[in-house]
Amino acid sequence: MSEDQKSENSVPSKVNMVNRTDILTTIKSLSWLDLMLPFTIILSIIIAVIISVYVPSSRHTFDAEGHPNLMGVSIPLTVGMIVMMIPPICKVSWESIHKYFYRSYIRKQLALSLFLNWVIGPLLMTALAWMALFDYKEYRQGIIMIGVARCIAMVLIWNQIAGGDNDLCVVLVITNSLLQMVLYAPLQIFYCYVISHDHLNTSNRVLFEEVAKSVGVFLGIPLGIGIIIRLGSLTIAGKSNYEKYILRFISPWAMIGFHYTLFVIFISRGYQFIHEIGSAILCFVPLVLYFFIAWFLTFALMRYLSISRSDTQRECSCDQELLLKRVWGRKSCEASFSITMTQCFTMASNNFELSLAIAISLYGNNSKQAIAATFGPLLEVPILLILAIVARILKPYYIWNNRN
């Protein structure tokens, strides 16, 4: 057997060994709290539903009617909704945003990401929601609202695990955070009512004002608090102490606030949820399809956009091709793995905290829209963990441009 054949035959075994190691590394990259998140969400829902069914007096404890409220949401629930959004915002490097825009590749990737996140993403989720929930208007609206809410912070975790470009990811997260203040209201009305031809109980102008106010309160308040906490803490304590002590204290409150919010919702709605569990579970279909389609569509697009259009350069001639015989993508070897991963996970992720907060504010904590919005994080964490593992598995099978 020739040396080339020996080298070629050794590639699969090496790749398989790398894959097994990468899978374990990917899983270990998450904290045990992150890994337990799907189970703790399910446990919170089960306990709340049991309380709702067997303690009927609990169902109206958190209703806005007859209690102090903000934007139609009871104060106890409002506190939970705001608390769960502050920690992700505190993790974003707001103080460094001006440095990144000087890099030409970031400006180019930002334009592509805006198109994927604000045009393709909501369209894809709307199409999938209609496909699976054609006869379930309220659940469909809740799923569409998840699609309109683009991810602002959780993607930082997935990007780091998959080996994405951290600088690019920070720019995309900050840009999406600011754009959501402006775009969420018109897009929610457009996809939930205008193109869906769903009946409006009020005028377009009044509905727009309600959605815009809800976004201003339930994104604006935590956004402002999060930025003040980060910038103030960095000034007083320094970056090292902030990340070592302050951020470590703040981070768990995102999931504490989220689980508390889930608990309240299912106490209010749990008894009805049991009777409609079949139609509610249908919400899983568009969400699961969205995560996988969005991720692999972006992966394929990033490879396609890197294909050389020159007649004289049809295939890769870099050193990697000489070393790896059995690889794919020789014509698209200009693709960067780190940039591709950042685009894939930014496209596949959603801001489930915002969609849940707005659903509660607009339709009430006992609405089907709010129930549908709770399924986002239940599915997003395990599926994106799977996709992070898939990214590690796919990497050795493709040639990548590592110059960045």
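The backbone N, Cα and C atoms fix where each Cβ goes, and this holds for glycine too.
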Membrane topology agreement for TRP32 and ARG303 per Swiss-Prot: yes
Cβ pairs under 8 Å between the transmembrane segment (281-301) and the transmembrane segment (246-266), at least three: no
Two-stretch contact, the transmembrane segment (217-237) and the transmembrane segment (70-90), at least three Cβ pairs under 8 Å: yes
Tally of residues which DSSP labels helix, strand or coil - the topological domain 'Extracellular' (56-69): 5 helix, 1 strand, 8 coil
Long-range neighbours of the topological domain 'Cytoplasmic' (91-113), counting only residues six or more past its ends (CB under 8 A): 152-153, 156, 167-168, 170-175, 177, 226-227, 230-231, 234, 247, 251, 305, 339, 342-343, 346-347, 404
When counting Cβ pairs under 8 Å to the transmembrane segment (114-134), the leader among 35-55, 170-190, 246-266, 370-390: 170-190
